[in-house]
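First up is the structure itself, then whatever we jot down about it.
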């Protein structure tokens with residue numbers, strides 16, 4: 001018995017000695033890991049010292065009862081460096097959590113030894129390369145998170161080889177392509193997976209709902225397709241399903257809304273159609289319902305109003321009709337309602353005012369009538385109220401001014417009347433205020449000058465009168481924000497306040513006495529008589545010497561002269577370098593009758609080259625359509641605001657001409673033609689090339705891409721309000737003598753042909769390959785991201801030398817974006833390159849190609865801004881883009 005006791009003591013001693021020995025060894029392993037760290041900005045590893053207590057003093061380290069490293073948790077510490085292979089010698093580690101750092105490279109192959117690992121979380125780092133296949137050998141793994149890195153390639157089929165214990169997998173926010181392996185259905189204990197924000201194609205794996213405990217499915221922002229309604233409805237345990245921003249079609253799986261545990265349901269930005277259908281017994285757990293940007297039809301089912309816990313309801317941009325259910329006011333938890341861009345009619349339910357937690361109410365572009373209910377003023381935490389594009393009438397209720405937290409107030413394009421309440425100036429947090437295209441009258445309250453947070457302001461197209469308040473904050477929005485108010489005057493309008501009786505219309509003006517009125521009338525009669533005499537004298541002189549009295553506001557175009565020979569057109573020049581004599585314009589404008597001087601034909605008219613003595617040339621666009629422009633004043637307002645814009649990559653406006661029979665836009669002549677001509681013209685002038693301009697090397701193409709991006713960034717960010725192009729294409733990118741880009745036709749969106757019921761007019765057809773999906777679908781919420789999409793197509797043109805849409809054969813159509821994406825996903829990126837290119841860095845072309853694909857993402861939210869595009873291009877050129 002004594003021998004047995006001694007034996008046990010000896011074994012215990014040996015075990016303790018071994019533990020201490022291994023513990024010392026693990027300390028060295030961790031110190032080696034520390035040595036591989038190139039930057040530790042928060043000194044997170046300062047406690048990792050050679051004489052420190054591994055289990056008690058090493059920050060982020062947890063040991064098991066035996067003294068071995070059990071967990072490494074160093075999250076959000078911004079550590080930089082590579083992952084040390086030596087960690088593979090930690091024999092008992094279960095958790096490796098390095099979330100929120102800056103590690104580069106890939107997971108070392110040696111990590112296949114970590115058979116005890118339960119958790120790998122390296123999310124939000126800068127790791128790259130393919131997803132390591134050895135992960136499939138880690139049979140104890142429960143939790144795998146590789147999200148928000150730069151992993152590429154396909155998901156290894158073997159990843160789900162030994163996944164009996166796996167509960168959660170996230171590969172979100174990477175550059176993964178290919179399909180979702182069908183083997184994922186073998187993971188019987190998988191609770192959820194997140195593959196969102198990648199480039200995955202194909203369908204959801206069949207029998208995905210055979211996984212008995214599946215609760216979370218997120219595949220947002222991919223290229224997945226197919227009909228999912230029947231399969232998804234079998235996942236009875238679902239808590240979250242996010243299928244947003246894909247290409248799914250058929251019926252949306254709305255039956256999921258009745259599942260007991262469902263809290264989050266997103267099927268937005270797909271191609272789902274049909275009716276929502278009646279929702280019986282909506283889940284009391286449901287908080288988020290987003291089915292926006294699909295092709296849903298029918299009415300909003302009243303069953304949706306039974307979702308008592310719902311916080312967000314977004315059915316925007318569908319084809320829904322009927323009215324807004326009055327019972328929506330009983331959904332007491334709602335904080336966001338978005339129903340805009342549908343065919344919904346009726347009135348705005350008053351009971352919406354009982355939603356005390358409502359923050360966003362967006363009902364734009366519907367067919368609503370009646371008034372904006374005063375009850376909405378009870379929604380005291382409301383941040384956004386957008387009821388634009390309806391048929392609402394009545395006055396702007398002063399009670400709405402109780403919405404002191406409001407940031408977006410958009411009432412434009414309705415039939416509102418009355419005056420602008422001065423109390424609007426109390427909305428100190430408002431950033432977006434649009435009252436345009438109504439029937440508002442009276443003066444603009446000076447109190448609006450106190451709105452210091454405004455980034456958008458517009459009161460155009462009303463019946464406002466009086467003097468625009470001389471407040472820089474208001475005047476900074478330019479004349480377009482005040483245009484088409486017949487009795488409004490003062491800066492920034494060109495209408496002085498001593499003309500047209502504008503100032504006299506102000507309600508703030510003092511009442512005039514009868515005697516003063518009599519004096520004014522008498523003076524006016526005398527002045528009128530003097531004007532008549534002067535006019536007669538001027539007319540007589542004009543007949544004697546017509547050519548001597550021509551000013552820069554008249555021009556003798558043949559089509560604009562009436563039967564008496566009187567010139568009736570108006571010419572305005574923005575440039576002092578252009579000739580202003582009668583003879584010069586008479587000779588120069590004869591080119592408009594000569595087809596040999598046509599240098600381009602676009603969506604809104606033909607472009608001619610007009611030349612003058614002394615070698616001066618300008619481009620003259622002869623408009624064939626005025627789009628949404630209704631009269632001369634509106635024409636001059638639109639062109640006038642563009643005359644002062646100056647940027648090295650913009651083709652500057654030189655002036656305009658307007659008559660009842662002809663409208664011209666004068667702009668800078670750029671000698672090397674358009675980018676389209678240089679890329680695609682079969683016989684390019686001045687070269688021996690049979691296809692395009694061989695002088696357009698990659699260096700020049702890159703500079704064209706960068707210059708165009710800078711021009712668009714200027715229009716979007718430096719112009720107040722922002723100027724949208726909405727017609728970006730290679731024919732509107734001109735090249736000067738040094739092949740620098742000059743963007744033309746900017747700010748002319750109102751002149752574009754109006755979209756018809758089939759999408760686009762025939763004249764606009766040649767731009768179809770450039771049009772963003774939301775614009776082609778006639779979404780009235782055009783944004784800067786529409787220009788980003790078109791610009792992305794131009795990037796792909798520059799890299800490939802191909803047109804946006806080509807027909808290689810009679811029954812075949814090649815869409816450039818899809819063509820490039822397919823080749824990139826199959827690892828054949830170099831097959832996309834324009835074969836005429838020589839002396840280029842392959843990686844640079846690939847980076848630009850990827851940027852083009854990012855810019856042409858289906859979802860506008862996934863596209864970068866033009867300012868970000870400029871930064872990316874500059875980093876690519878400086879060698880940091882790879």
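For all residues, glycine too, the Cβ spot is worked out from N, Cα and C.
Swiss-Prot lists transmembrane segment for one of the ranges 474-494, 495-515, 516-536, 537-557, namely 516-536. Of the listed residues (426, 672), Swiss-Prot tags 426 with N-linked glycosylation site; the rest carry no such note in the record, though that does not show they lack it.
The Cβ of residue 607 (ATP binding site) has 22 other Cβ atoms within 10 Å, all protein chains considered.
Helix, strand and coil residue tallies for the repeat 'LRR 1' (92-113), in that order: 5 helix, 7 strand, 10 coil [DSSP]. Here the candidates are the glycosylation sites 76, 121, 341, 417, 463. The one whose C-alpha lies nearest to that of residue 599 (ATP binding site) is 341.
You'll find the Cα of residue 607 (ATP binding site) roughly 53 Å from the Cα of residue 402 (N-linked glycosylation site). In this structure, residue 266 (N-linked glycosylation site) is part of a beta strand by DSSP. Following the DSSP three-state reduction, the secondary structure of residue 76 (N-linked glycosylation site) is coil. In the predicted model, residues of the repeat 'LRR 1' (92-113) average a pLDDT of 94. Among the listed glycosylation sites, namely 321, 402, the Cβ with the most fellow Cβ atoms inside 10 Å is that of 402. In sequence order, 439, 440, 441, 485, 486, 487 are the residues near residue 463 (N-linked glycosylation site), counting only same-chain partners six or more apart with C-beta under 8 A.
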